[in-house]
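**Student:** TrEMBL lists these features:
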- A:24-223: domain 'MacB-like periplasmic core' (DOMAIN)
- A:290-417: domain 'ABC3 transporter permease C-terminal' (DOMAIN)
- A:25-44: transmembrane segment (TRANSMEM)
- A:285-310: transmembrane segment (TRANSMEM)
- A:330-358: transmembrane segment (TRANSMEM)
- A:365-385: transmembrane segment (TRANSMEM)
- A:391-410: transmembrane segment (TRANSMEM)
Amino acid sequence: MNVSSLTIAFTLAWRNLWRNYRRTLIMLLAIGLGVWAMVFMTAMMRGMVDGMLKDGIRALPGHVQIHHPNYLDDPSVANSIAEPQGTLLDALNHPQVDAWAMRVKVPAVISSERETRGVMLLGVDAAAELNLSFDISHITQGQFLPSLTEEELAVDVQAQKAAKGIVIGVKLAQKLETRLGKRIVVMTQDIDNTIVDRGFRIVGLYQSDIPGFEEMYVYSDRRLIQSMVGLKGQVSEIAINGDGYRDNQALLSHIANASPADMKVESWRQVDAYLSAMLEMMDGFVLVWIVVIFLALSFGLMNTLIMAVFERVREIGLMQALGMRSSGVMRMILIESLLLLLLGLAAGNICSLLSIAAIQDGIDVTAVAEGMAMFGAKAVLYPVLQYSDMLLANVVVIVLGLLTSLYPAWRAAHYDPIVALNKH
Amino acid sequence: MIKVTCRKLRKTFVQGETQIKGLDDVSLSIEKGEFVCLSGPSGSGKTTLLNALGGLHTPDEGTIEIDGDVISQMGASELADLRLRRIGFVFQSYNLIPVLSAQENVEFVMQIQGVDSQERDQRAKAILKEVGLEGMETRLPAELSGGQQQRVAVARALVSEPALILADEPTANLDSATAENLMQLLENLNRKHQVTLVLATHDTRIMGFARRQIRMQDGKIISDEISSGSQHALRGGDPLTASHQEQDF
């Protein structure tokens, strides 16, 4: 193969493409539409799942988490870690860390005067938790826990009352048949496995986009819970957020390097297997989605190329008679296919970028929001274009497109020149 | 120097249950610079012989040598290279590539050969001028008359200076005047470039342009003549050794 034979193959491929311009335009429309569907619909699905993941990760795990090495297997108070100090505290306050919070997290039983439920009791620092995970707009009645220092708490009686309160989910309140301002009792095991209980006044009710979250998690002051379960100076976990949830290796290393040996630093993927599986499923689904659309496209592509070859049997025979090798004929047909694919890809990519830009502020899916909520999705969807998805769509279309074109190209390359020249 | 030698060529085509002898024990030799006309009725085997010489048909038996290379034993790629570098074709129905201009059609073979663009341009323009198509370089085949298209095909066959040009019924679709012009052109090019020219036709008007005339029937050579000017001669004996003996028919 030399440059000039490649040039003539490109020239012929390009001009042949426009001999039947209607057919080429229809095929370009089909490829463009397919690519648009691949990229745009993937961005919408990504947006939906991304929202669910961000909410899920933000809600509790954080991007990176520090805990006792045995905590994930046995999340009891016995598997606690010391509150951060020294090098670890410095690492947590480093600019690489966006937000962090330490928590005491113990399984508990919550009782109103009518009902009893199993919950997860979270002892949190209000300011840190609001910064890291809790969205204050989710409070529907009352307030979140007060963000006060120990000195402020010592002198402020009202703050003391609020700090002794508890924030529970709206749905949990409904199940317990209780309401804001009422007292409930929380019962759990302390560090010595002794049953301890304590009365709390409900100071706030919250709602969550995450299914089941409202019924499971209740918030109270960390110091209060530490005192209740006998965990002075100890916490169950430290949750940390960095730039984003996808690539958190740098953050993980940064924290791991500063952590004592008796603490384990893990990514949210290890901490929350469900969310991790959801992301993996989404990545797999994107590939399946792209391939399925391509399969529909491939029939049209193959048909177009077979027709194009069939119409040019004599010319192909002539080229072979003049000395073009079979590989040259194949190259010419494959270049024609490549040009068709590249033009279709360009059209599809531009259209998908424009349509994603047009709805960058989100589209309201209230009409189906109830159904979406079942999956933890929000009523407003924001498209999330991942360039890796776009690249995947482009690579799939080019690679599978060329593979699909191999048959017509092979067929063209193996005509008997004499038979081809006598074809009418 | 002998350029083309065929020995005992046989080629049989099968159509249903019928076997048709395309070539039946054909032997001949063609010397460098000869202008040979293959004639005979339809089905006589002249096109089959032409295609066999061009490596488009592989004979069932026998050998074909071009400059000592046995082409009947070559693979598809070697045959493609042979056609590309040493053989020029002129077909009955022009057979130009419709999306390429006259000059691009002429340059086509050179492009596959890898000739650089400047040289291609010079050679294509020069040969188009020689065949009387100066100023028509950018025209597409559809914008040319039948005669002009066939001239482009001749220019394409000549431009890469092949050792052998094979022309199959080159005047079949042309009117008398255009056919005569084309044959004069081929005759002049044969004399000027000393290119070996083998032409298959059953058009009696143009047979006289060739100095050597081979008649075929039922896949066999039934006569092999050399004419000198208006004189016609029959060559007999062993076709491999008698190529320059002029005999009466």
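Placement of Cβ uses the backbone N, Cα and C atoms for every residue, glycine included.
Automatic prediction, not curation, is the source of TrEMBL annotations.
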**Student:** Which residues, given as numbers and ranges, are at least 6 beyond the ends of the transmembrane segment (A:285-310) yet have a Cβ under 8 Å from it?
**Tutor:** 16, 20, 23-24, 27, 30-31, 34, 37-38, 41-42, 45-46, 316, 333, 336-337, 340-341, 389, 392-393, 396-397, 400-401, 404-405, 407-409, 411-412
**Student:** Provide the three-state DSSP residue tally for the domain 'ABC3 transporter permease C-terminal' (A:290-417): helix first, then strand, then coil.
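**Tutor:** Once the DSSP states are binned, the domain 'ABC3 transporter permease C-terminal' (A:290-417) shows 100 helix, 4 strand, 24 coil.
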**Student:** Residues of the same chain, at least six outside the transmembrane segment (A:330-358), with any C-beta under 8 angstroms of its C-beta?
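**Tutor:** Contacts of the transmembrane segment (A:330-358) (Cβ under 8 Å, skipping residues fewer than 6 from its ends): 1, 6, 9-10, 12-14, 16-17, 24, 27-36, 38-40, 43, 301, 304-305, 308-309, 319, 383, 385, 390, 394, 397-398, 401-402, 404-406, 408-410, 412-413.
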**Student:** Let me know the model's mean pLDDT on the domain 'MacB-like periplasmic core' (A:24-223).
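**Tutor:** It averages 87.
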